[in-house]
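Q: TrEMBL feature annotations, pasted as is:
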- T100, T101, F128, P129, S130, D131, D209, H212, Y234, W263, T291: pyridoxal 5'-phosphate binding site (BINDING)
- K235: N6-(pyridoxal phosphate)lysine (MOD_RES)
Amino acid sequence: MMNIEKTYAASLDQQDDLANFRNEFYLPKNTIYLDGNSLGLLSKRAENKINDMVESWKHHAIDGWTEGSQPWYYLSEKLGAMSAPLIGAKPEEVMITGSTTINLHQITASFYKPEGKRTKILADTLNFPSDIYALKSQLKLKGYDPDEHLVQVKSKDGHTLSTQDIVEAMTDETAFIVLPGVLYRSGQVLDMQTLTREAHKRDIPIGFDLCHSIGSIPHQLSEWGVDFAFWCTYKHLNAGPGSVAGLYVNEKHLCHEPGLAGWFSSAKDKQFDMEHTLTPAQDAGAYQIGTPHLLSAAPLLGSLEMFQEAGIEKIRKKSLQLTQYFMELIESELTGFGFTIANPRDTAMRGGHVYLEHPDAARICKALKADGVIPDFRKPNGIRLAPVALYNTFTEVWETIQILKTIMKEERYQSYVNERGVIA
Ligand SMILES: *Cc1c(COP(=O)(O)O)cnc(C)c1O
């Protein structure tokens, strides 16, 4: 029998060995923040690192490239090495650079090599639109019609993808595969290991968009032999709006010229020789293009330090407990109100958030916000609730359920229009 008492939530918080990290974040006042999978919260450590970066500019000016506590010239490499344990990669395989979408362009330009009848890109119908736009534009650049050359695996239930369906779509016409690690709506974790093995049996390079999985679940990219990956750092990694993204390239692909080159693709000791022939870096640094966005990279120094201390295994364990508790309370407290839990239940397939569907989802989200709970709405009828291991509590999950129950009982959502806002 499910324990629905608040004291039970409090007892779970007391047993939580990550509880102290909550004190390191700026929590919006009188608010339960459940949107850390869209924009993670600011931590004091991230803030300090931004301030340090501003100071180093102030005091060192041009010499900041090589002097000060974090010489700028090596910061992307350092942050890449700090990110490596989160994805199970070697330090030299990871770089902090660009944005998610730019890194996908870079990776496609580098690894999509159509030849003979192998010309197609395999993706899926549930991925985030930016990835699909990028892939279509890359096809057009190569003179291919996206309607014919972009194959998108369909979902049978509208929420999840089956490994078998994806594998069946890998044919001798497939030149390149890009899939999400965790789906942004339903939170399904794809079986990256099996998909990689199957792609490689067919000699197809494969990689993953880790926007919703990095900082939320562990990965073993090197061990699985994944060819490439890319991700943003402002969701579960809490590095702030527009913070610099990440990119992983398996060591077997290092030491090549990137598809999109620039002077930061250079071997670091050669870059300032200013030659017109590029000598690419021997590590994932070769996939950088221009001058790093240092002010937007700095917060990651503070943020990643916390992930190092907490450890991704512990984060995953607490995250699964939080979402499990959420689902159990939804089932015992919110029956009869028309909610459907549309995320996978199984712990191997469940990412870091709960995904509820309801015909009035848009205005239920507005009512939740008015009552101090920040969810996020996803068209057409989805409510994402992300209890984040580093800063949310079991008591907040309990309180959210009580607030949601009152909203439904009193039909408070009726006073709002059932449409999304500009940003939803
Ligand atoms: C958040 C997200 C993006 C965003 O791309 P940016 O280049 O950072 O704007 C792309 N893909 C997925 C799957 C995302 O979740």
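Don't overthink the numbers, they just go from 1 along the chain as shown.
Cβ coordinates are placed from backbone N, Cα and C, and glycine is handled just like the others.
Automated prediction, rather than curation, is the source of TrEMBL annotations.
Since this is a predicted model, take the numbers as computed values, not measurements.
Burial and contacts for the listed features, if you can.
A: Applying an 8 A CB threshold to same-chain residues 6+ apart, the list for F128 (pyridoxal 5'-phosphate binding site) reads P180, Y184, D209, C211.
In sequence order, G36, N37, S38, L39, G40, C211, H212, I214, G215 are the residues near K235 (N6-(pyridoxal phosphate)lysine), counting only same-chain partners six or more apart with C-beta under 8 A.
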Q: Within the set F128, S130, D209, Y234, T291, which binding-site residues show a CB-to-ligand 1 distance under 6 A?
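A: List returned for ligand 1: F128, S130, D209.
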Q: Which has the fewest other CB atoms in a 10 Å radius around its CB: T100, S130, T291, the listed binding-site residues?
A: T291
Q: CB neighbours of D209 (pyridoxal 5'-phosphate binding site) within 10 A?
A: 28
Q: Helix, strand or coil by DSSP: which one applies to T100 (pyridoxal 5'-phosphate binding site)?
A: helix
Q: Same-chain residues six or more away whose CB lies under 8 A from the CB of Y234 (pyridoxal 5'-phosphate binding site)?
A: L39, G40, G240, P241, G242, S243
